[in-house]
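Feature annotations, reproduced from TrEMBL:
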| type | residues | note |
| --- | --- | --- |
| TRANSMEM | 20-45 | transmembrane segment |
| TRANSMEM | 57-79 | transmembrane segment |
| TRANSMEM | 91-108 | transmembrane segment |
| TRANSMEM | 128-153 | transmembrane segment |
| TRANSMEM | 188-210 | transmembrane segment |
| TRANSMEM | 219-239 | transmembrane segment |
| TRANSMEM | 245-267 | transmembrane segment |
| TRANSMEM | 354-376 | transmembrane segment |
(Lines of atoms letter the chains of each structure in order from A and count residues from 1; the text may use other names and numbers.)
(Lines give C-alpha, C1' and ligand atoms only; values in the text may rest on other atoms or scores of the structure.)
Protein backbone atom coordinates (compact mmCIF):
# COMPACT_ATOMS: atom_id res chain seq x y z
CA UNK A 1 0.00 0.00 0.00
CA UNK A 2 2.76 2.47 0.94
CA UNK A 3 4.78 1.68 -2.19
CA UNK A 4 1.71 2.04 -4.42
CA UNK A 5 1.15 5.53 -3.01
CA UNK A 6 4.79 6.47 -3.54
CA UNK A 7 5.80 6.28 0.12
CA UNK A 8 9.00 4.26 0.16
CA UNK A 9 12.73 4.57 0.69
CA UNK A 10 15.94 2.96 -0.52
CA UNK A 11 18.18 0.86 1.70
CA UNK A 12 21.55 2.64 1.53
CA UNK A 13 23.44 -0.13 3.32
CA UNK A 14 22.95 -2.85 0.70
CA UNK A 15 24.42 -3.43 -2.75
CA UNK A 16 21.01 -3.80 -4.36
CA UNK A 17 17.66 -2.92 -2.89
CA UNK A 18 14.25 -2.26 -4.32
CA UNK A 19 11.78 0.22 -2.83
CA UNK A 20 11.12 -0.37 0.88
CA UNK A 21 7.75 0.70 2.31
CA UNK A 22 7.91 3.71 4.66
CA UNK A 23 6.72 4.79 7.25
CA UNK A 24 5.32 1.56 8.69
CA UNK A 25 5.69 3.10 12.15
CA UNK A 26 2.37 4.86 11.62
CA UNK A 27 0.64 1.46 11.56
CA UNK A 28 2.22 0.41 14.87
CA UNK A 29 1.27 3.78 16.37
CA UNK A 30 -2.33 3.42 15.15
CA UNK A 31 -2.65 -0.06 16.66
CA UNK A 32 -1.23 1.24 19.94
CA UNK A 33 -3.69 4.14 20.07
CA UNK A 34 -6.67 1.89 19.31
CA UNK A 35 -5.70 -0.37 22.20
CA UNK A 36 -5.15 2.52 24.62
CA UNK A 37 -8.42 4.22 23.63
CA UNK A 38 -10.26 1.01 24.48
CA UNK A 39 -8.23 0.73 27.69
CA UNK A 40 -9.05 4.22 29.04
CA UNK A 41 -12.04 3.12 31.11
CA UNK A 42 -10.44 -0.03 32.55
CA UNK A 43 -8.37 1.54 35.40
CA UNK A 44 -11.36 3.60 36.50
CA UNK A 45 -14.09 0.96 36.37
CA UNK A 46 -14.08 0.39 40.13
CA UNK A 47 -14.79 4.09 40.68
CA UNK A 48 -18.16 3.94 38.97
CA UNK A 49 -20.82 5.72 41.00
CA UNK A 50 -22.42 2.54 42.29
CA UNK A 51 -19.09 1.32 43.70
CA UNK A 52 -17.49 4.51 45.05
CA UNK A 53 -18.74 7.99 45.82
CA UNK A 54 -15.94 9.76 43.92
CA UNK A 55 -13.98 9.61 40.68
CA UNK A 56 -10.17 10.16 40.68
CA UNK A 57 -10.39 12.93 38.10
CA UNK A 58 -6.74 13.91 38.36
CA UNK A 59 -5.61 10.39 37.55
CA UNK A 60 -7.84 10.40 34.48
CA UNK A 61 -6.43 13.79 33.45
CA UNK A 62 -2.87 12.44 33.65
CA UNK A 63 -3.80 9.56 31.35
CA UNK A 64 -5.59 11.79 28.84
CA UNK A 65 -2.81 14.40 28.86
CA UNK A 66 -0.27 11.66 28.19
CA UNK A 67 -2.36 10.38 25.27
CA UNK A 68 -2.64 13.88 23.81
CA UNK A 69 1.14 14.23 23.95
CA UNK A 70 1.63 10.84 22.28
CA UNK A 71 -0.95 11.63 19.57
CA UNK A 72 0.66 14.96 18.72
CA UNK A 73 4.11 13.36 18.55
CA UNK A 74 2.75 10.80 16.06
CA UNK A 75 1.33 13.67 14.01
CA UNK A 76 4.73 15.40 14.09
CA UNK A 77 6.53 12.24 13.01
CA UNK A 78 4.12 11.62 10.14
CA UNK A 79 4.43 15.25 9.04
CA UNK A 80 8.23 14.87 9.09
CA UNK A 81 8.03 11.72 6.96
CA UNK A 82 5.77 13.46 4.45
CA UNK A 83 7.26 16.99 4.46
CA UNK A 84 10.87 16.46 5.66
CA UNK A 85 10.76 19.12 8.38
CA UNK A 86 13.79 21.17 9.36
CA UNK A 87 15.58 20.65 12.68
CA UNK A 88 14.17 23.78 14.28
CA UNK A 89 10.65 22.45 13.70
CA UNK A 90 11.65 19.18 15.34
CA UNK A 91 12.44 21.14 18.50
CA UNK A 92 9.35 23.37 18.48
CA UNK A 93 6.70 20.69 17.95
CA UNK A 94 7.82 18.40 20.82
CA UNK A 95 7.68 21.47 23.07
CA UNK A 96 4.05 22.00 22.07
CA UNK A 97 3.36 18.28 22.58
CA UNK A 98 4.67 18.49 26.14
CA UNK A 99 2.34 21.35 27.14
CA UNK A 100 -0.73 19.19 28.09
CA UNK A 101 1.41 16.94 30.28
CA UNK A 102 3.18 19.84 31.98
CA UNK A 103 -0.06 21.76 32.63
CA UNK A 104 -1.78 18.73 34.19
CA UNK A 105 1.30 18.11 36.34
CA UNK A 106 1.13 21.76 37.43
CA UNK A 107 -2.58 21.86 38.33
CA UNK A 108 -2.34 18.51 40.11
CA UNK A 109 0.01 20.03 42.68
CA UNK A 110 2.47 17.14 42.30
CA UNK A 111 5.80 17.53 44.07
CA UNK A 112 8.49 19.51 42.26
CA UNK A 113 11.18 19.07 44.94
CA UNK A 114 14.31 16.99 44.44
CA UNK A 115 15.79 14.79 47.14
CA UNK A 116 19.38 15.73 48.00
CA UNK A 117 22.27 13.31 48.71
CA UNK A 118 23.20 12.75 52.37
CA UNK A 119 26.50 14.61 52.14
CA UNK A 120 24.63 17.80 51.19
CA UNK A 121 22.13 17.72 54.08
CA UNK A 122 24.46 19.51 56.50
CA UNK A 123 25.61 22.00 53.90
CA UNK A 124 22.13 22.96 52.74
CA UNK A 125 20.32 22.36 56.01
CA UNK A 126 17.52 20.45 54.28
CA UNK A 127 16.82 17.09 52.66
CA UNK A 128 15.00 18.48 49.62
CA UNK A 129 15.48 21.40 47.28
CA UNK A 130 12.44 22.98 45.65
CA UNK A 131 12.90 23.27 41.89
CA UNK A 132 9.56 24.98 41.22
CA UNK A 133 9.42 26.22 37.61
CA UNK A 134 12.77 24.59 36.80
CA UNK A 135 11.18 21.17 37.25
CA UNK A 136 8.68 21.95 34.49
CA UNK A 137 11.51 23.19 32.31
CA UNK A 138 13.26 19.86 32.95
CA UNK A 139 10.14 17.92 31.89
CA UNK A 140 9.88 19.93 28.66
CA UNK A 141 13.58 19.36 27.92
CA UNK A 142 13.18 15.65 28.69
CA UNK A 143 10.27 15.37 26.25
CA UNK A 144 12.20 17.19 23.51
CA UNK A 145 15.27 15.02 24.10
CA UNK A 146 13.37 11.71 24.15
CA UNK A 147 11.41 12.61 21.03
CA UNK A 148 14.63 13.14 19.08
CA UNK A 149 16.95 10.68 20.88
CA UNK A 150 15.64 7.57 19.13
CA UNK A 151 15.62 9.39 15.79
CA UNK A 152 19.31 10.31 15.74
CA UNK A 153 20.40 6.69 16.31
CA UNK A 154 19.16 5.40 12.99
CA UNK A 155 20.30 4.31 9.57
CA UNK A 156 20.59 0.53 9.90
CA UNK A 157 17.86 -2.09 9.85
CA UNK A 158 16.13 -2.65 13.18
CA UNK A 159 18.10 -0.22 15.34
CA UNK A 160 15.29 2.27 16.06
CA UNK A 161 12.80 -0.40 17.10
CA UNK A 162 15.19 -2.65 18.99
CA UNK A 163 16.61 0.15 21.16
CA UNK A 164 13.03 1.26 21.95
CA UNK A 165 12.08 -2.27 22.96
CA UNK A 166 15.08 -2.58 25.29
CA UNK A 167 14.42 0.76 27.01
CA UNK A 168 10.66 0.16 27.27
CA UNK A 169 11.19 -3.36 28.66
CA UNK A 170 13.65 -1.98 31.22
CA UNK A 171 11.12 0.64 32.31
CA UNK A 172 8.38 -1.99 32.52
CA UNK A 173 10.60 -4.13 34.76
CA UNK A 174 11.39 -1.06 36.87
CA UNK A 175 7.66 -0.42 37.28
CA UNK A 176 7.07 -4.00 38.41
CA UNK A 177 9.88 -3.74 40.97
CA UNK A 178 8.44 -0.50 42.32
CA UNK A 179 4.90 -1.91 42.49
CA UNK A 180 6.23 -4.79 44.59
CA UNK A 181 8.37 -2.74 46.97
CA UNK A 182 6.39 0.48 47.58
CA UNK A 183 3.64 0.82 50.17
CA UNK A 184 2.18 4.18 49.11
CA UNK A 185 -1.03 3.48 47.15
CA UNK A 186 -0.67 6.61 45.00
CA UNK A 187 2.85 5.65 43.92
CA UNK A 188 1.76 2.08 43.22
CA UNK A 189 -1.11 3.34 41.06
CA UNK A 190 1.22 5.64 39.09
CA UNK A 191 3.65 2.81 38.38
CA UNK A 192 0.76 0.50 37.47
CA UNK A 193 -0.59 2.99 34.92
CA UNK A 194 2.91 3.51 33.53
CA UNK A 195 3.30 -0.27 33.18
CA UNK A 196 -0.06 -0.56 31.42
CA UNK A 197 0.96 2.07 28.87
CA UNK A 198 4.27 0.32 28.21
CA UNK A 199 2.97 -3.21 27.61
CA UNK A 200 1.03 -2.48 24.38
CA UNK A 201 3.93 -0.33 23.18
CA UNK A 202 6.34 -3.25 23.61
CA UNK A 203 3.87 -5.59 21.87
CA UNK A 204 3.35 -3.34 18.83
CA UNK A 205 7.10 -2.64 18.62
CA UNK A 206 7.87 -6.37 18.58
CA UNK A 207 5.43 -6.80 15.69
CA UNK A 208 7.04 -3.89 13.86
CA UNK A 209 10.53 -5.29 14.50
CA UNK A 210 9.65 -8.44 12.55
CA UNK A 211 9.24 -6.27 9.44
CA UNK A 212 12.13 -3.90 10.16
CA UNK A 213 14.86 -6.33 11.24
CA UNK A 214 17.67 -7.19 8.84
CA UNK A 215 16.96 -7.47 5.93
CA UNK A 216 14.20 -4.88 6.33
CA UNK A 217 10.91 -5.34 4.50
CA UNK A 218 9.76 -1.92 5.74
CA UNK A 219 11.20 1.23 7.31
CA UNK A 220 9.70 2.63 10.49
CA UNK A 221 10.17 6.28 9.54
CA UNK A 222 10.33 9.28 11.84
CA UNK A 223 6.74 8.52 12.90
CA UNK A 224 7.85 5.60 15.05
CA UNK A 225 10.89 7.43 16.43
CA UNK A 226 8.81 10.34 17.73
CA UNK A 227 6.06 8.01 18.91
CA UNK A 228 8.56 5.85 20.80
CA UNK A 229 10.43 8.75 22.37
CA UNK A 230 7.26 10.51 23.51
CA UNK A 231 5.81 7.30 24.96
CA UNK A 232 8.95 6.75 27.05
CA UNK A 233 8.82 10.34 28.31
CA UNK A 234 5.08 10.16 29.11
CA UNK A 235 5.31 6.93 31.13
CA UNK A 236 8.24 8.38 33.09
CA UNK A 237 6.34 11.55 33.97
CA UNK A 238 3.13 9.68 34.83
CA UNK A 239 5.09 7.16 36.90
CA UNK A 240 7.06 9.95 38.64
CA UNK A 241 10.48 8.60 37.64
CA UNK A 242 11.53 11.22 35.10
CA UNK A 243 15.05 11.37 36.61
CA UNK A 244 15.40 7.57 36.60
CA UNK A 245 14.54 7.52 32.89
CA UNK A 246 17.84 9.28 32.18
CA UNK A 247 19.74 6.27 33.55
CA UNK A 248 18.13 4.02 30.94
CA UNK A 249 19.08 6.38 28.10
CA UNK A 250 22.86 6.32 28.60
CA UNK A 251 23.65 5.32 24.96
CA UNK A 252 21.23 7.96 23.66
CA UNK A 253 22.79 10.63 25.88
CA UNK A 254 26.30 9.61 24.77
CA UNK A 255 25.20 9.75 21.14
CA UNK A 256 23.72 13.23 21.61
CA UNK A 257 26.82 14.61 23.36
CA UNK A 258 29.11 12.93 20.83
CA UNK A 259 27.03 14.36 17.97
CA UNK A 260 26.86 17.92 19.34
CA UNK A 261 29.84 19.29 17.36
CA UNK A 262 28.11 18.30 14.11
CA UNK A 263 24.50 18.85 15.19
CA UNK A 264 25.23 22.46 16.16
CA UNK A 265 27.55 22.95 13.16
CA UNK A 266 30.73 23.60 15.10
CA UNK A 267 32.07 20.95 12.72
CA UNK A 268 30.70 20.56 9.16
CA UNK A 269 27.83 18.06 9.14
CA UNK A 270 26.74 16.09 6.05
CA UNK A 271 23.04 15.42 5.50
CA UNK A 272 23.40 11.67 6.09
CA UNK A 273 25.76 10.31 8.76
CA UNK A 274 24.84 6.63 8.61
CA UNK A 275 27.71 4.11 8.30
CA UNK A 276 29.26 3.68 4.85
CA UNK A 277 28.52 0.47 2.96
CA UNK A 278 31.41 -1.26 1.18
CA UNK A 279 30.13 -3.29 -1.78
CA UNK A 280 33.29 -5.39 -2.11
CA UNK A 281 33.33 -6.70 1.45
CA UNK A 282 29.56 -6.36 2.07
CA UNK A 283 30.43 -4.70 5.39
CA UNK A 284 29.79 -1.35 7.02
CA UNK A 285 32.63 1.08 7.71
CA UNK A 286 32.78 4.44 9.43
CA UNK A 287 31.37 7.20 7.26
CA UNK A 288 33.47 10.34 7.20
CA UNK A 289 33.14 14.10 6.91
CA UNK A 290 35.81 15.92 4.90
CA UNK A 291 36.25 19.68 5.00
CA UNK A 292 38.85 22.42 4.65
CA UNK A 293 40.81 23.13 7.83
CA UNK A 294 40.00 26.82 7.40
CA UNK A 295 36.25 26.12 7.50
CA UNK A 296 36.45 25.01 11.15
CA UNK A 297 36.01 27.75 13.73
CA UNK A 298 38.04 27.96 16.95
CA UNK A 299 35.52 26.12 19.15
CA UNK A 300 35.00 23.40 16.53
CA UNK A 301 38.75 22.88 16.27
CA UNK A 302 39.03 22.61 20.04
CA UNK A 303 36.27 19.98 20.11
CA UNK A 304 38.03 17.95 17.43
CA UNK A 305 41.32 18.09 19.38
CA UNK A 306 39.70 16.98 22.64
CA UNK A 307 37.87 14.07 20.97
CA UNK A 308 41.06 13.05 19.18
CA UNK A 309 43.16 13.14 22.38
CA UNK A 310 40.68 10.83 24.11
CA UNK A 311 40.62 8.57 21.02
CA UNK A 312 36.95 9.19 20.42
CA UNK A 313 37.56 10.41 16.87
CA UNK A 314 39.39 9.02 13.85
CA UNK A 315 41.29 12.10 12.63
CA UNK A 316 43.41 12.45 9.50
CA UNK A 317 44.80 15.38 7.50
CA UNK A 318 45.51 15.55 3.77
CA UNK A 319 46.18 18.08 1.04
CA UNK A 320 43.79 18.82 -1.79
CA UNK A 321 44.28 21.50 -4.45
CA UNK A 322 47.11 22.95 -2.38
CA UNK A 323 44.95 23.35 0.72
CA UNK A 324 44.90 21.52 4.03
CA UNK A 325 41.84 19.31 4.52
CA UNK A 326 40.60 17.39 7.55
CA UNK A 327 38.81 14.04 7.56
CA UNK A 328 36.99 12.74 10.66
CA UNK A 329 34.47 10.00 11.20
CA UNK A 330 30.89 11.19 11.48
CA UNK A 331 30.07 11.64 15.14
CA UNK A 332 27.39 9.05 15.87
CA UNK A 333 27.48 6.12 18.25
CA UNK A 334 27.16 3.65 15.35
CA UNK A 335 30.27 5.07 13.66
CA UNK A 336 32.01 5.09 17.04
CA UNK A 337 31.28 1.37 17.49
CA UNK A 338 32.73 0.73 14.03
CA UNK A 339 35.82 2.69 15.10
CA UNK A 340 36.19 0.50 18.20
CA UNK A 341 35.39 -2.89 16.69
CA UNK A 342 36.20 -2.48 13.00
CA UNK A 343 34.04 -3.12 9.92
CA UNK A 344 31.10 -5.49 10.34
CA UNK A 345 27.81 -6.39 8.72
CA UNK A 346 24.65 -4.38 9.28
CA UNK A 347 23.13 -7.26 11.25
CA UNK A 348 26.22 -7.53 13.49
CA UNK A 349 26.32 -3.78 14.12
CA UNK A 350 22.71 -3.68 15.26
CA UNK A 351 23.24 -6.65 17.57
CA UNK A 352 26.39 -5.05 19.01
CA UNK A 353 24.59 -1.79 19.72
CA UNK A 354 21.72 -3.62 21.43
CA UNK A 355 24.21 -5.52 23.61
CA UNK A 356 25.57 -2.15 24.75
CA UNK A 357 22.02 -0.90 25.32
CA UNK A 358 21.15 -3.93 27.47
CA UNK A 359 24.42 -3.59 29.41
CA UNK A 360 23.62 0.07 30.11
CA UNK A 361 20.16 -0.93 31.36
CA UNK A 362 21.76 -3.37 33.81
CA UNK A 363 24.13 -0.61 34.94
CA UNK A 364 21.11 1.68 35.37
CA UNK A 365 19.40 -0.83 37.68
CA UNK A 366 22.61 -1.19 39.69
CA UNK A 367 22.95 2.58 40.09
CA UNK A 368 19.27 3.04 40.92
CA UNK A 369 19.00 0.37 43.62
CA UNK A 370 22.56 -0.22 44.89
CA UNK A 371 24.73 2.86 44.34
CA UNK A 372 21.88 5.21 45.29
CA UNK A 373 21.79 3.60 48.75
CA UNK A 374 25.20 5.12 49.54
CA UNK A 375 23.94 8.64 48.82
CA UNK A 376 20.33 8.60 50.05
CA UNK A 377 18.75 7.50 53.32
CA UNK A 378 15.67 6.12 51.56
CA UNK A 379 15.79 4.79 48.01
CA UNK A 380 12.22 5.00 46.79
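Going from the start of the chain as shown, residues are counted 1 onward.
Just so you know, glycine gets a Cβ as well, placed from its N, Cα and C.
Here the transmembrane segment (188-210) touches the transmembrane segment (20-45). Their Cβ atoms form 3 or more pairs under 8 Å, with each pair 6 or more residues apart. The transmembrane segment (91-108) shares the most Cβ pairs under 8 Å with 57-79, out of the stretches 57-79, 128-153, 245-267. Long-range contacts of the transmembrane segment (219-239) within the same chain, counting only residues at least 6 positions beyond its ends with a Cβ under 8 Å from a Cβ of the stretch, are 9, 20-26, 28-29, 32, 62-63, 66, 69-70, 73-74, 76-78, 80-81, 94, 97-98, 101, 105, 139, 142-143, 146-151, 154, 160-161, 164, 167-168, 171, 175, 178, 190-191, 193-195, 197-198, 201, 205, 208, 212, 245. Same-chain residues lying 6 or more positions outside the transmembrane segment (57-79) and placing a CB less than 8 Å from one of its CB atoms are 23, 25-26, 29, 33, 36-37, 40, 43-44, 85, 90, 93-94, 96-98, 100-101, 103-105, 107-108, 143, 147, 189, 193, 197, 221-227, 229-231, 233-235, 237-238.
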